[in-house]
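According to TrEMBL, the protein carries these features:
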type: BINDING; residues: ARG109, LYS148, 153-159, 183-186, GLU191, HIS214, 269-270; note: ATP binding site
type: DOMAIN; residues: 113-299; note: domain 'ATP-grasp'
Amino acid sequence: MKPSGPILPGGTLGVLGGGQLGRMFAHAAQQLGYRTVVLDPDSDSPAGSIAHQQVQTDYLDAQGLATLAASCDAVTTEFENVPAPALARLAEQLPVAPAAEAVAVCQDRAREKQHFRDCGVPCAPFAVIETDAQLQAVDPGLLPGILKTARLGYDGKGQVRVASPAALQAAWDELGRVPCVLEQRLDLAFEVSVIVARNVQGELVHFPLQQNLHRDGILAVTTVPAPDLTAELQARAIGAAETIAATLGYVGVLCVEFFVLRDGSLVANEMAPRPHNSGHYTLDACDVSQFELQVRAMAGLPLVAPRLHSPAIMLNLLGDLWFRDGQAETEPPWEAVLALPGTHLHLYGKRSARPGRKMGHLNITGASASQVREVAQRCAELLGLPGL
Ligand code: ATP
Ligand code: MG
């Protein structure tokens with residue numbers, strides 16, 4: 001359903017998914033004076049525990065979706081793999097942003113890459129593998145490559161590196177012969193991402209590019225401004241992300257991840273139809289955060305171009321930090337971290353830590369990029385993280 005006008009503060013905004021992204025969305029919505037409702041099956045989710053109301057059902061539960069629709073003026077999603085049919089069903093009753101169709105494109109690597117191509121945005125050479133015949137016919141020029149499941153991958157899960165046709169065959173078996181995309185392995189210099197927001201009126205704004213360091217397939221460090229990026233590449237990436245969003249008729253916050261290759265070229269990797277881990281620095285370093293833009297976009301409020309008012313580094317806080325030196329679960333040394341200037345701790349309220357689980361993040365802001373780096377380095381040492 002199209003909104004008949006902006007949904008003003010005082011209204012009720014719903015989110016499908018109760019994870020940390022839903023929690024930060026709800027915080028932003030509440031700050032603007034909205035009521036918030038979260039739909040999540042978990043009784044103790046990060047967003048459910050701070051929302052005004054939680055609908056505790058599965059994402060496809062007809063009754064749960066009906067309750068959510070009846071309680072809200074508009075609905076968004078925080079969870080990339082939320083079933084597109086759930087969004088489509090809600091859209092029969094109220095405005096849903098982003099739309100099911102746009103989310104469906106982002107959920108399928110093959111459709112996503114086709115969309116990049118349609119927008120004239122380069123991506124890694126790839127082949128779709130859904131049948132034995134397609135597997136046999138793979139161009140050996142794509143090897144060494146990475147076999148990725150077309151759907152449901154995140155944080156490097158559902159990916160296998162392959163160097164030979166035999167390894168490719170074994171990897172596809174290992175992944176359960178589900179539809180996959182084989183991508184050529186590219187020679188990355190570094191990785192960046194850009195976050196844009198678009199509302200139903202077609203207004204489009206963007207954040208500056210962020211440079212991202214991954215460890216074991218999971219985002220570890222984000223640095224803004226991106227230290228290694230030229231102004232020309234920055235402009236090209238922003239233009240590409242804006243075209244990708246506008247062509248989808250996208251409403252909401254969209255993140256596009258790019259690789260910068262050693263030869264200096266820019267290649268789109270993938271996109272996420274929601275705020276993104278690499279945009280968490282915006283909470284403390286920008287005058288409008290990615291979550292506030294998510295609220296504004298879905299509510300049909302004006303979008304203003306966000307301004308970065310401080311350089312920033314974000315350190316992701318994974319559950320591993322709670323188990324240093326193989327000890328029992330111990331809280332990291334927050335007091336020492338918070339004694340340093342410009343540190344902003346965000347914890348998601350998850351009751352138990354597990355290795356690899358995203359427990360929170362730490363934003364560091366300061367007067368200069370070098371000062372931010374120095375403090376971030378000290379924080380990394382205190383937390384037992386690898387050096388920056
Ligand atoms: P996310 O957590 O961002 O959703 P994901 O599991 O969907 O991650 P990708 O973003 O596709 O996975 O890949 C994870 C990481 O693996 C990338 O950030 C990059 O470091 C590396 N990688 C992925 N594809 C390639 C490639 N074609 N060539 C080289 N490195 C790659
Ligand atoms: Mg990724």
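From the backbone N, Cα and C atoms, a Cβ is placed for every residue, glycine too.
The shown structure was predicted, so the numbers you read here are calculated from the model rather than taken from an experiment.
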Starting from the Cβ of GLU183 (ATP binding site), draw a 10 Å sphere and report how many other Cβ atoms land inside it. 20
For a quick check of understanding: among the binding-site residues ARG109, TYR154, LYS157, which residue's Cβ has the most other Cβ atoms within 10 Å? ARG109
Spatial neighbours of ASN269 (ATP binding site) that are distant in sequence (at least 6 apart) but have CB under 8 A: CYS123, ALA124, GLU191, GLU257, PHE258, PHE259
Based on DSSP, name the secondary structure state of LYS157 (ATP binding site): helix, strand or coil. coil
Sort LEU186 (ATP binding site) into helix, strand or coil using the DSSP assignment. coil
DSSP three-state assignment for ARG109 (ATP binding site): helix
